[in-house]
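Structure first, commentary second.
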Amino acid sequence: MVAARIDGKAAAASVVERVKVEAARLSEASGVRPGLAVILVGEDAASQVYVANKGKMAESCGFRSLTHRLPAETSEADLIALIEKLNADPAIHGILQQLPLPGPLDARRVIAAITPEKDVDGLTVINAGRLASDVLDEVLLPCTPAGAMLLVRQTLGDDLSGKSAVVVGRSQLVGKPMARLLLAANATVTVAHSRTADLAAVCRSADILVAAVGRPQMIRGDWVKDGAVVIDVGINRVPAPEKGEGKTRLVGDVAYEEALEHAGAITPVPGGVGPMTIAMLMANTVIAAYRAAGLPAPTF
Ligand SMILES: Nc1nc(=O)c2c([nH]1)NC[C@@H]1CN(c3ccc(C(=O)N[C@@H](CCC(=O)O)C(=O)O)cc3)C=[N+]21
């Protein structure tokens with residue numbers, strides 16, 4: 001079998017088109033223009049690129065977009081004071097604190113300062129708790145698992161009854177919320193991780209295999225059940241000596257070429273889950289703006 005390629009770029013573009021329509025509808029109904037504030041502390045090169053992309057995407061959706069660039073030496077008190085100012089600003093509906101934070105800043109305390117209704121990254125304890133407690137009408141979901149789930153639903157439909165799903169990785173950011181979303185869609189879910197015995201055999205039991213470990217090409221082709229849907233969340237930059245694509249290239253957590261021969265459908269890296277992450281940030285921002293206006297929010 002040769003797997004179908006799940007086109008995350010195309011799926012992300014159609015989410016963004018929906019976001020534009022919903023933003024325009026909100027603006028007509030209530031005069032509210034969604035506002036997204038992105039905070040970047042320090043000079044991390046990769047983060048600079050992501051933040052610039054998010055700003056451009058927000059503007060293309062018709063949002064008000066503000067990027068706050070703070071020096072690496074910023075104190076935690078000053079950063080939290082900025083977040084509190086944005087919490088209180090009625091023109092801002094989403095606050096994204098770009099991670100990782102420089103050394104002495106405590107990400108947990110900083111994220112906790114974001115009001116849950118503006119937490120468009122879905123990282124606060126309140127939003128994690130809403131997902132865990134099935135309070136789905138109030139939750140803002142973490143963007144990467146929400147985007148990955150949309151690709152699963154696009155491939156297999158909304159009801160995963162009778163399907164087994166294996167999530168490799170148990171992070172707060174991806175693994176745990178992904179498992180909860182799959183469970184909410186009626187899949188039978190296993191969360192595997194670095195201490196799982198015979199990980200290959202566990203993976204082979206999966207109709208839906210989600211790789212979120214952050215180790216380049218760790219999941220081999222013969223770990224993939226024939227016909228499985230494989231969602232590769234990993235984005236790893238590795239040296240590319242052999243191909244002449246420059247010094248480095250991006251690979252996922254799955255050995256893509258090998259997995260192609262087993263999977264029924266698979267997300268590539270790049271062009272898979274990555275673009276969906278940014279699209280879902282836009283979706284969360286428009287959702288937060290609808291809720292702030294007291295109107296029923298669109299679902300994605
Ligand atoms: N608070 C916070 N929220 C985040 O969501 C967050 C963050 N901090 N810090 C950094 C990571 C990284 N991240 C990516 C999003 C999209 C792509 C993406 O679209 N990647 C392209 C490839 C881009 C390239 O070529 O370099 C793709 O997979 O096709 C990658 C990485 C969000 N992050």
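The first residue you see is number 1, and the count goes up from there.
Here the Cβ of each residue, glycine as well, is placed from N, Cα and C on the backbone.
It should be emphasised that the depicted structure is a prediction, and the values quoted were computed from it without experimental measurement.
Going by TrEMBL, these are the annotated features:
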BINDING   Gly169, Arg170, Ser171, Ile235  NADP(+) binding site
DOMAIN    6-121  domain 'Tetrahydrofolate dehydrogenase/cyclohydrolase catalytic'
DOMAIN    142-291  domain 'Tetrahydrofolate dehydrogenase/cyclohydrolase NAD(P)-binding'
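Among the binding-site residues Gly169, Ser171, Ile235, the ones whose Cβ sits under 6 Å from an atom of ligand 1 are, in sequence order, Ile235.
Sequence-distant contacts of Ile235 (NADP(+) binding site), defined by Cβ-Cβ distance under 8 angstroms and a gap of at least six in the same chain, are Leu250, Gly252, Val269, Pro270, Val273, Gly274. Across the range of the domain 'Tetrahydrofolate dehydrogenase/cyclohydrolase NAD(P)-binding' (142-291), the DSSP-based residue counts are 56 helix, 30 strand, 64 coil. The average pLDDT the prediction assigns to the domain 'Tetrahydrofolate dehydrogenase/cyclohydrolase NAD(P)-binding' (142-291) is 96. Under 8 Å, Cβ to Cβ, and six or more positions away along its own chain, Ser171 (NADP(+) binding site) finds Ala212. Across the domain 'Tetrahydrofolate dehydrogenase/cyclohydrolase catalytic' (6-121), the DSSP tally of helix, strand and coil residues reads 60 helix, 18 strand, 38 coil. Largest Cα to Cα distance within the recorded NADP(+) binders Gly169, Arg170, Ser171, Ile235: about 16 Å as a whole number.
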